[in-house]
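To start, the structure under review is shown below, and the notes come after it.
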Amino acid sequence: MSAEVFSVFYQFADVFAFLILSAAGLAIVFGMMGVINMAHGEFIMCGAYVTVGLVNLGVPLPIAQIAAAITAGLIGVVVEYLIVRRFYKRPLDSLLATWGLSLIVTQSMLLIVGSSVRGIGTPEGSFAIGAYTFSSYRLVLFAAAVAVLVGLYIVFMKTRFGVIARATMQNAAMARALGARTGRIYAISFGIGAGLAGLCGALYAPTMTLIPTMGATFVVESFVTVVIGGANVLLGTAPAALLLAAIRMTLNASYGQIIGQIGMLVAVILIIRVLPEGLSSVLVRRGR
Amino acid sequence: MIKLLEGPQTLGRGPVFWSCFLAVLAGALIYPLFADSYDVGNFSYFLIWIFMALGLCLMWGYGGMLSFGQTLFFGIAGYAYGVLAINMGGGTTTIAALLLSVVIAMIAAGILGYFMIWGGINGIFFGIVTLSATLVLAFFLGQTAGPEWHIGDARLNGFNGMKGMDPLAIGSVYIEGSALYYVMVALIVIVYLALRMLVNSGIGNVIVATRENPQRAEMLGYDVRKYQLLTFVLGSGLAGLSGALYTSWGQFITPSSIGLPAAAMPIVWVAFSGRSDLTATLVGSFLLLFGFQTITVYSQQAALVLMGALLLATVMAAPQGFVLGIGKFVADRLTGRGKRGEADLSAASTLKTDEA
């Protein structure tokens with residue numbers, strides 16, 4: 001019996017980790033600047049390629065993954081400086097600009113790297129409970145997702161940077177008047193967002209086929225999680241991922257992956273009819 | 001009715017503009033007499049996509065709703081045409097299949113639009129929800145390989161796409177080659193003029209008012225949601241028309257015409273051309289399609305990189321669109337308003353940019 005219970009938890013954890021890891025970077029950027037980064041998938045792709053490249057050079061996997069996340073974060077800061085910062089007052093144009101960037105990056109990668117890169121296998125290791133065997137790496141992913149949530153909580157709630165960042169999020173003009181360098185806060189936040197996207201790619205790199213268009217695999221999940229989470233990402237993202245993971249896992253188990261994805265999308269469309277501002281709006285109202 | 005062809009919502013008026021319009025139309029009509037049939041076929045191919053661009057122009061430029069779902073409805077109607085044409089048999093019924101598939105796309109747009117518009121989704125979220133739906137459809141169709149995925153006699157065939165449907169036909173005569181080209185030209189003229197009338201009519205003014213300020217339009221007594229839904233259904237229906245014509249033109253359709261990067265193409269055409277005017281969109285989209293096709297022959301990736309770069313350059317340098325900017329400049333020179341008109345325009349456009 002406990003094997004069945006654990007199996008359900010395991011499947012849930014798998015979907016939850018995927019949602020959190022793919023959405024966290026996008027959610028931070030959206031929450032701070034109101035910008036949806038359409039090149040999010042390309043930062044994920046970047047993280048995956050750097051990881052695989054380093055591992056093929058002989059670097060141990062965990063170090064390669066951390067290096068990949070940092071690389072993506074640094075590229076994010078550059079992209080923010082060159083492109084995104086011009087569009088904070090024009091959020092719709094930021095969508096187009098980053099989409100243009102996404103097209104350029106994906107297709108250039110196809111031209112330069114080609115479609116096939118030697119991948120790395122999923123780290124070995126499995127354990128058995130009752131009659132079922134589980135892959136350990138999936139639990140590593142779940143642990144990473146929880147660590148990302150805890151880490152974001154600590155950074156945004158317990159550090160000086162977090163206080164200034166939340167002030168900027170609430171009222172940028174006032175924060176500026178009080179001496180916060182909002183430009184720098186935005187750049188760092190975008191870097192964190194891109195770094196988290198890179199981390200997502202780095203963590204999933206061993207489990208996936210490496211192609212330049214792999215970012216698209218994560219895009220739908222990250223979009224819907226952010227839409228359901230709403231404007232206050234610190235409050236909304238985790239509950240949104242919990243809700244969507246529950247829906248998706250149930251459908252996955254009975255009908256397979258693609259019906260799970262369709263069902264999740266339908267659920268999202270139904271939910272926005274009732275809660276267009278997402279779960280965080282409800283939670284904020286409750287909190288008052 | 002005829003008066004509505006000109007108005008505050010569309011650029012281009014007076015004898016000069018309409019003479020140009022007729023000259024271009026006449027050129028388009030005599031073109032097949034001089035060109036070989038391969039080129040005529042290629043031109044028909046460019047014209048297929050114009051409907052989708054005009055639809056997006058209506059939604060985004062006039063209605064202020066940035067839909068990333070044009071290829072969603074393109075795909076729905078494209079696949080619907082395939083399924084209907086295969087199951088209902090060829091001949092004249094293909095015309096019915098074409099009309100029905102557009103209606104199916106419009107119904108789908110109505111359902112999705114209802115949930116988004118009545119839910120109050122706006123701006124950025126409107127874009128990413130429509131794009132999510134588009135990508136999910138593409139993923140779904142991509143995994144429908146295998147004989148168990150069929151609708152009637154029509155096999156969906158997964159990533160390789162559906163094929164084997166008849167092209168448009170009247171009786172036993174297929175509409176192809178020059179005939180198809182003339183059908184396309186006629187449809188574009190009808191759709192273009194009808195859209196001009198629509199946006200200059202009372203309904204069009206409410207659509208534009210909603211774009212400018214939804215609250216104000218609502219306070220003036222209009223149920224803006226109904227107008228937004230109408231705009232969304234019409235714009236998506238035009239994407240559906242493109243999809244059905246595309247399937248009929250090539251007798252195949254694949255999921256890759258729905259997913260990324262295809263979904264970005266209408267956005268590039270309309271943004272580059274100038275979303276706020278139908279004529280600019282018509283001209284710009286045609287030029288971009290022509291250029292894209294020319295480069296694609298050598299390298300599809302390079303053509304897509306160029307499209308991405310154009311999109312980035314447009315939003316950074318000319319957020320109102322390049323073709324529109326050039327068109328306004330030329331029009332000012334022609335009408336002799338000269339420097340003053342330009343100054344007013346640039347002032348107006350900076351104002352708009354700031355608001356957006």
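Backbone N, Cα and C define each Cβ position, glycine as well.
Caution: TrEMBL annotation is automatic and unverified by curators.
Here the structure is a predicted model, which means the values were calculated and not measured.
According to TrEMBL, the transmembrane segment annotation covers A:15-36 (among others). Sequence-distant contacts of the transmembrane segment (A:15-36) (same chain, six or more residues past either end, CB-CB distance under 8 Å): 43-44, 84, 87-88, 91, 94-95, 98, 138, 141-142, 144-145, 148-149, 152, 165, 168-169, 185-186, 189-190, 192-200, 203-204, 218, 221-223, 225-226, 229, 231-234, 236-238, 240-242, 244-245, 248-249, 252.
Under 8 Å from some Cβ of the transmembrane segment (A:43-59) lie the Cβ atoms of residues 22, 25, 37, 65, 67-69, 71-72, 75-76, 105-106, 109, 113, 117-120, 194, 197-202, 204-206, 208, 210, 212-215, 218, all in the same chain and six or more residues away from its ends. Annotation source TrEMBL lists transmembrane segment at A:43-59 (among others).
Annotated transmembrane segment per TrEMBL: A:65-84 (among others), in sequence order.
Same-chain neighbours of the transmembrane segment (A:96-117): 35-39, 41-42, 45, 49, 52, 79, 83-84, 86-87, 210-213, 215, counting only residues six or more beyond its ends whose CB sits under 8 Å from a CB of the stretch. According to TrEMBL, the feature transmembrane segment maps to A:96-117 (among others).
Look at TrEMBL and you will find A:137-156 (among others) tagged as transmembrane segment. Note on the transmembrane segment (A:137-156): residues 10, 13-14, 16-18, 20-21, 24, 28, 122-123, 125, 162, 165-166, 192, 196, 199, 203-204, 206-207, 234, 237-238 of its chain, located 6 or more positions outside it, place their CB under 8 angstroms from a CB of the stretch.
Residues of the same chain lying 6 or more positions beyond the ends of the transmembrane segment (A:185-204) and with a Cβ under 8 Å from any Cβ of it are 18, 21-22, 24-29, 32-33, 37, 40-41, 43-51, 64-66, 68-77, 79-81, 84-85, 88, 140-141, 144, 148, 155, 161, 164-165, 168, 175, 214-215, 218. Marked as transmembrane segment by TrEMBL: A:185-204 (among others).
Feature annotation from TrEMBL assigns transmembrane segment to A:224-246 (among others).
Within the same chain, residues 220-221, 224, 227-228, 230, 244, 247-249, 251-252, 282 sit at least 6 positions outside the transmembrane segment (A:258-276) and bring their C-beta atoms closer than 8 Å to a C-beta of that stretch. Under the heading transmembrane segment, TrEMBL lists A:258-276 (among others).
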> Under an 8 Å Cβ to Cβ limit, what residues of the same chain, 6 or more beyond the ends of the transmembrane segment (A:224-246), are close to it?
Replying inline: 12, 15-16, 19-20, 22-24, 26-28, 30-31, 36, 149, 152-153, 156-157, 166, 264-265, 267-268, 271-272, 275, 277-281, 283-284
